[in-house]
Every structure is written in C-alpha cells, then in structure tokens.
Amino acid sequence: MERPGPSDGSDVSGPDPQLAVTMGFTGFGKKARTFDLEAMFEQTRRTAEEMNREKELRRQNEDLEPTSSGSNVARACSKSSSRDTSSSESDESSDSSDDELIGPPLPLKMVEEPVNPMEEGVLGSLPPPLAEDVEEEDDDDGDSEEEENPVRKIPDSHEITLKHGTKTVSALGLDPSGARLVTGGYDYDVKFWDFAGMDASFKAFRSLQPCECHQIKSLQYSNTGDMILVVSGSSQAKVIDRDGFEVMECIKGDQYIVDMANTKGHTAMLHTGSWHPKIKGEFMTCSNDATVRTWEVENPKKQKSVFKPRTMQGKKVIPTTCTYSRDGNLIAAASACQNGSIQIWDRNLTVHPKFHYKQAHDPGTDTSCVTFSYDGTVLASRGGDDTLKLWDIRQFNKPLFSASGLPTMFPMTDCCFSPDDKLIVTGTSVQRGCGSGKLVFFERRTFQRVYEIDITDASVVRCLWHPKLNQIMVGTGNGLAKVYYDPSKSQRGAKLCVVKTQRKAKQAETLTQDYIITRKLLAWSLCHTSVFFSSVLLSHKPEPPVAGPGRGGRVGTHGGTLSSYIVKNIALDKTDDSNPREAILRHAKAAEDNPYWVSPAYSK
C-alpha cells in the first residue's frame, strides 16, 4: 500500500504545519544529520599525530641550553604554527568540496593556549599572589584551628528545661531523626515530648506507666525509630510503639531451673537493654540472673541466644550493663560484671568471650555504662569506683586512659562520645544540698579534662549527645530533663519549640442577651411576684419521707421499684411454711365463716 502524497505538479516547499501540530513534533519533516565514521576516525588520527609531534619538539627544547631556549622555542612555535595553518588550509580545502561539515569541530591549537612560564622556560620571578588568595588561606587556618579545638563545637550557649516529675530521671531516649524525646524515672512514668509540637510551655503530650509499679531503668529507640525498648525493675522487658501502645512483652523464665540457658526468659530484675544497630527487631537485655539474652520482636515467647558471664574460675557474675558495637557484627555484647571485669563476646559465639579483662574496675562496684566509639575501635566504661576508662579493643590488655574523681551514686550513670568522636562526656553525682552536678568533657586523644557544665543542684544521671541535632540531653536526680543547644551549631530539636509562644487558655464563652424593661413589664412582674409569695405562705408543709414498708400508695425508702418492695416484704415474712397441711388448715375457719372462693363454686 502506497502512502497518499501530493498531486503531481504541486509545489512542496516544506512540511505541512497542520500535520506538525497534530503529531506534536516541533521539527517535524526536517532532514536528519548523517555522520561519516571513516572521516571522523581519520580526523582523530591526524589530531593525535600533531599532538605527538608538538610533544617531541617541546622535549627537544628542554634538552637545549637555557640561552638558546628562547630562539629555539620561537622557531619551533613558528614552524608548528605554519604547519598548523597549512594543515588547516588543506583541511578547509578538502572539506569545502563536501556538501556538509561531517564530524565534531576541530580542537583548539596548542599555540593558542596561554603560555605557562614553568613549562616554556620563561625567565623572571612569578607575580605575587592576589589578596583574595591570602584571605582564603587565612580562613583555612581559622577553620583548621577550630577543627583542632573540639571544645568550640560543644553546644551549650542555650538550654531548655523539661519538667518530668519530682523523682530521678533514670532513662532518656531520642529517636534517630531527633523529633521526639522520651524520659523515664523512678516515679514509674514514661513521658513523650515532641519538639515540633511543643510550645514555650514545654509540656509532654503523653504520660503513661508501661511497667506499673517498677522503676524505669532504660529507654531506647530502635534504629528505625518506630519502636521503644522499655527496661524496668521487673524481669520482663517491653517494646512499645511511638505512641506508647504495647507491641510485645518478653516472657518470664522458670526460676527453679538451675541452668539459665534452658529457660525461655529472665528470672530476676533487669538492668538495661540495647537495640541491634543493623538488624531490625533484635535487642538485648541483661539481668540479675547472671545472663545476657538477645530477643526478636516477632518471637516474644523465647529468647534468641543466651550469654553467661563467668569469672576465671567459672563462677557466675551478674552483668550490670550491656551494649552492641556500632556495626553489630563482630562484637555482640559487652558486659561489665560485679567482680569488676569486662567481657566481650562475638555475636555468633555464645560460649566463650572473645575479650576478657578482669578487675577493669574495683570489685564490688557496679559498672554503670559501657559504650563504643563511632569508629568502633574504642570502648569507654563508667565505673562505680568513680572512674572513667578508655579501652582499645584491638589491644584489650590494659586501659588506654583512666580518669578518677567522678563521683556516682546511681547504677545507670552513663557516658557517651561526641558526634565527631573527639570528646567523651559523663556526669557526676552530689549529695542533696552539697553542690551541683556537672557534665564533664574529656578529650579522647589525650584524655584531658577540657570542659565542664554546671547542670543543677542535683546529680547528673543520664547524658545523651545526638549526632544529627548536635544537642545534649541531660537527666538529673531532681526530676528535670535539660536540653543544651547552640542556634548556630545545632539543628532543629529544641530550636523548634523555643520560638513558639505559649498558648493562652481558652475561656468558656457565654452568650448573654440584653433585656429592655418597660414600665408595664415591671408592674406585671411585681404583681406576679406578690401572688407567688402569698401562695407559698398559704401552702402546707411538705410531707416527710415514708418510713417503713409504705402506706397510702407511697413506696417506702427501701426502694422505688415494685420488685424491691416485694423482695423486702418477703424477707420480713416470718411465717413457717415447712408443714403444708398445717398451712392450709390455718385458713379453714376463715373459709367456713366467710365462704368466698370454694363453696360458691360448688353450690350450683
């Protein structure tokens, strides 16, 4: 089938504009450009030969003496330029015979590029650098100084205070995005704070008691931010969602079984817990039953694996804290035990620990926290012996550094690393009325005490430095949760709620109607008021409530229903119907004297 075309003799000057509009192509009907590959390859080969020839000339000029280098370079440049001009003329003459220019445009000639004095051998000193370059170098020096001094990155210029309650804030948790903060304390309460939804009043939007009458010891958001691990003084950990609804509860084990590996769960009080940093739905808990157990959210009826800390002699020791490494693959659990030792296991090997350092802290004291650095090579431990120690897990035979004089009176006093891994932060405890609790900063490289922040007149129990917000959250012993930030260094978080004004309380609105009182209306109201009072005076005294079973059709005070009245009368009836014959003969004389029921029926 042939396509319909224009009739013979018609003048076709170009594409039909109506057809181009209909098809939707702006350049409909134009001729496509064609490329000759052989010509393109030939032109590329010619260009490469010219560049190689110029490199050989430059190498010969460098080998000559410096005195004759200038004339030789000029002569070589003139020769190359004449050669280039001749070749370009020959190219143009050959290309002019073609109908169209085929291939990409020719590259710029080497002689047209700016001359580099170092390459061409030009004598003389170089010009001085511009002022802008000097200023850029000064700015770089200032940035390097700021990077070398990590104290300048501490966000402590501003703070806000969140009122949790009156008792110790023993747990803090912040989701990965930094939008919500959750606090828990000795008052059994867990409170939720939304930075984007709060105003300057700083009030929690939800409060609940997920573990009833057990103190909250640890709160942590999962790596996806949709679940919260709640560890309390009970033997069963719970997982709740972002809104506080329960997702799962770990099963309780059998406390009468000797081998704790054969039970399905913990049998004694919990200490702390931690989410796996990579695997969704896996977390870990440690307990007074001398075990560290890993769990899965999908299987709350039994733990996944059991780690049993032991002394060198094989005796049980109670783990007081546990954590995952940053990658979660090589190191599965780190546990500091009541004999002062630190034990680290491989995640897939539950029998023997990979690292074991005995008496890392004083025996008889509870190590309250162990945490890994962001690079995963250093471990920090906060001991109950008022010390903070730094360990290299690649050489786990002695601590790298140790700092003393850090009093602690709580079994959950923790420590954390700064987002750039250059600082280590921990809190100190004080007796009530004997000073103020402090947040102490140590430099990781030298372990020098570089900075301190006075928090409040109570102990500092919890501290958390969020890497995304660059804000520091602190939990204290007097029921406060403080957030430290810097408007220029921090992101979102507390900055969102401090700018919002406090909402005013809405007062109840009442609709009032104005009345117009005329002379006739006033006279009418006075008349009716006098009649009302006269009727009240002439009325009789109200009847008192009926006492007893009731009379005159009025029900007594025992109840307002007929059923209650009948029940009460039945209960008051003392007649004995144990002998039915005597009960019937009791009414024989009355029936004989006044025959009403039986005798008239049989009279006819």
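For all residues, glycine too, the Cβ spot is worked out from N, Cα and C.
If you check TrEMBL, you get these features:
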REGION    1-25  region 'Disordered'
COMPBIAS  43-62  compositional bias 'Basic and acidic residues'
REGION    43-157  region 'Disordered'
COMPBIAS  78-88  compositional bias 'Low complexity'
COMPBIAS  89-101  compositional bias 'Acidic residues'
COMPBIAS  132-148  compositional bias 'Acidic residues'
REPEAT    162-194  repeat 'WD'
REPEAT    263-305  repeat 'WD'
REPEAT    370-394  repeat 'WD'
Let's see if you can do this one: DSSP helix, strand and coil counts over the repeat 'WD' (263-305), in that order. 0 helix, 19 strand, 24 coil
Tell me, roughly as an integer, the mean pLDDT over the repeat 'WD' (263-305). 93
Same-chain residues near the repeat 'WD' (370-394), Cβ under 8 Å, at least 6 residues beyond its ends: 321-327, 331, 334-336, 340, 342, 344, 355, 357, 360-362, 400-408, 411, 413-417, 419, 421, 424, 426, 442, 444, 447, 467
Secondary structure content, the repeat 'WD' (370-394) (per DSSP, counts of residues): 2 helix, 13 strand, 10 coil
